[in-house]
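*Asks:* Below is a structure I'd like to ask you about.
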């Protein structure tokens with residue numbers, strides 16, 4: 001941890017500083033004044049227990065915060081004292097006598113003012129209502145499309161039949177213009193009409209009124225039932241070229257009847273015209289004469305009546321109601337809480353401590369099955385040595401077994417594996433015998449450059465090894481001895497017979513390991529084989545039941561003890577000072593050789609023998625140790 005427990009304790013010397021660094025709001029004004037910064041800084045500089053740099057940094061932050069708050073409180077007290085002093089010693093303030101301690105009534109009472117409630121209300125004309133409403137009103141030209149209003153075709157003479165329609169006769173129908181003016185004023189707004197008006201239009205309107213007064217009682221145009229104008233202008237039947245919606249007829253129906261014009265035709269209600277006031281007069285533009293203009297009269301009038309635009313209300317998305325989710329389980333049982341408190345599996349892991357020493361760490365790294373079967377017992381950093389070691393680990397399959405495997409002579413896999421794992425295969429015996437012959441031939445090739453004594457010694461050893469009788473008949477070993485030819489031995493024996501015999505003492509040979517007589521060790525080997533079988537059975541039982549220490553003691557008591565006694569008898573009889581493991585393991589299978597090698601290691605551990613090896617993969621020489629004759 002980067003902090004010490006004494007820092008976090010409530011009564012510790014740095015408790016308030018630690019609290020100020022991590023929870024500043026928890027400190028009160030009393031805590032700030034009680035904190036002694038000098039002692040705290042000294043305890044941070046020279047702490048009783050070693051603190052991490054991170055802890056000291058946090059404590060310095062707490063010191064700075066406490067100092068800041070102390071300075072702030074001091075400044076506030078100074079300001080308050082300054083204000084009080086300033087208020088107490090104001091210039092010109094005199095202490096009041098006892099008579100004037102009570103203030104006057106007029107000084108502390110507000111005067112009562114009664115206003116006149118009979119005042120007239122302000123004039124409504126003073127309030128500019130239009131200005132208030134025009135703030136949010138757009139200009140007509142900006143929001144309205146300009147439309148070209150055509151001329152009234154009925155005002156032009158078209159010489160239709162004998163019905164002479166001159167200007168004076170048409171102007172008698174002044175009521176038609178008046179009614180049409182009412183229609184336009186009631187259905188459309190004056191804002192949609194152009195404001196520019198010429199003086200000629202006003203004069204023309206005055207002439208219309210004069211003609212109407214003169215010929216009011218003329219009754220011209222009565223009895224025109226079924227007339228051309230009546231059929232074309234008043235009829236509401238469909239089929240017109242520009243007859244879209246009947247908006248004009250509806251507006252004409254809604255107009256009230258006027259009693260001043262009782263003698264007027266039905267055309268007066270539908271005919272067009274301008275309003276009475278000059279403000280609403282429609283400016284008429286001259287248009288060229290067109291054919292069949294009578295059918296276009298109602299359609300042109302419809303251009304004035306714009307259809308009302310639907311008010312588009314902005315649709316707002318309805319807020320989706322929140323669905324209230326209520327838990328089915330509202331309370332936790334005490335059993336559930338206890339189970340959660342007792343369950344600490346997520347914060348606890350298995351304890352995996354590293355070995356205390358480097359040697360144990362190295363053993364742990366290289367003690368696995370993968371490393372034991374792929375690397376030697378000692379660290380080899382050279383790649384060549386590792387290749388040599390791995391080359392010895394690869395088994396050589398005999399050729400006859402390969403042929404049998406390819407030819408399918410093996411009955412099943414178990415038989416093939418048994419034959420492959422059998423250490424007494426002729427192939428291995430032949431290889432061992434070839435190695436023996438190589439060992440025998442090497443000194444013979446180098447003999448001419450040595451003295452005669454060395455030649456005699458080598459010949460003696462060769463004679464002893466060649467004269468060694470074969471081991472007792474045991475299956476394949478006897479056959480291997482018969483099959484093994486020895487073409488080199490007869491010439492060696494001939495050369496040895498020609499050399500004069502020289503008597504040599506047994507102590508003089510340089511390599512006494514080769515003088516170990518195999519005849520004396522044969523009965524011991526047979527006994528060892530029988531005992532090894534018994535030991536194997538006992539070891540299997542011990543693996544299932546006993547401990548490791550008991551197994552090691554039993555192995556030492558039986559197999560290793562027999563090896564030690566055999567070595568003692570061999571060295572006593574031959575007088576040799578050392579024994580070769582390679583010579584001791586001749587004519588044995590792999591299991592027996594491994595057992596002897598293991599016995600050598602146990603004896604070396606018990607200081608019964610000393611082992612020496614000149615180079616890797618060379619022969620191991622055993623010499624008596626300090627406890628060779630004691631055990």
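Every residue, even glycine, has its Cβ placed from backbone N, Cα and C.
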*Asks:* Give the range, chosen from 517-558, 559-600, that Swiss-Prot lists as region 'Disordered'.
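*Replies:* The range carrying the region 'Disordered' annotation in Swiss-Prot is 517-558.
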*Asks:* Given the ranges 90-117, 258-285, which one is assigned the annotation region 'Disordered' in Swiss-Prot?
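*Replies:* Of the candidate stretches, Swiss-Prot labels 258-285 as region 'Disordered'.
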*Asks:* Where Swiss-Prot marks phosphoserine, which residue is it, choosing among 134, 345, 454?
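*Replies:* Going through 134, 345, 454 one by one, Swiss-Prot flags 454 as phosphoserine.
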*Asks:* Test of record reading: of 26, 216, 232, 314, which one does Swiss-Prot tag as SUMO2 cross-link?
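*Replies:* Going through 26, 216, 232, 314 one by one, Swiss-Prot annotates 216 as SUMO2 cross-link.
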*Asks:* From the list 138, 153, 189, 334, pick out the residue that Swiss-Prot labels phosphoserine.
*Replies:* 153
*Asks:* Swiss-Prot tags one of 46-63, 64-81, 154-171 as region 'Interaction with NIPBL' - which one?
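*Replies:* Of 46-63, 64-81, 154-171, Swiss-Prot gives region 'Interaction with NIPBL' for 154-171.
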*Asks:* For the region 'Interaction with STAG1' (362-403), what does DSSP give as the number of helix, strand and coil residues?
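*Replies:* Tallied per class, the region 'Interaction with STAG1' (362-403) gives 27 helix, 0 strand, 15 coil.
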*Asks:* Tell me the Cβ contacts of residue 623 (phosphothreonine) under 8 Å, same chain only and six or more apart in sequence, or just say none.
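*Replies:* Residues satisfying the criterion: 577, 578, 579, 609, 610, 612.
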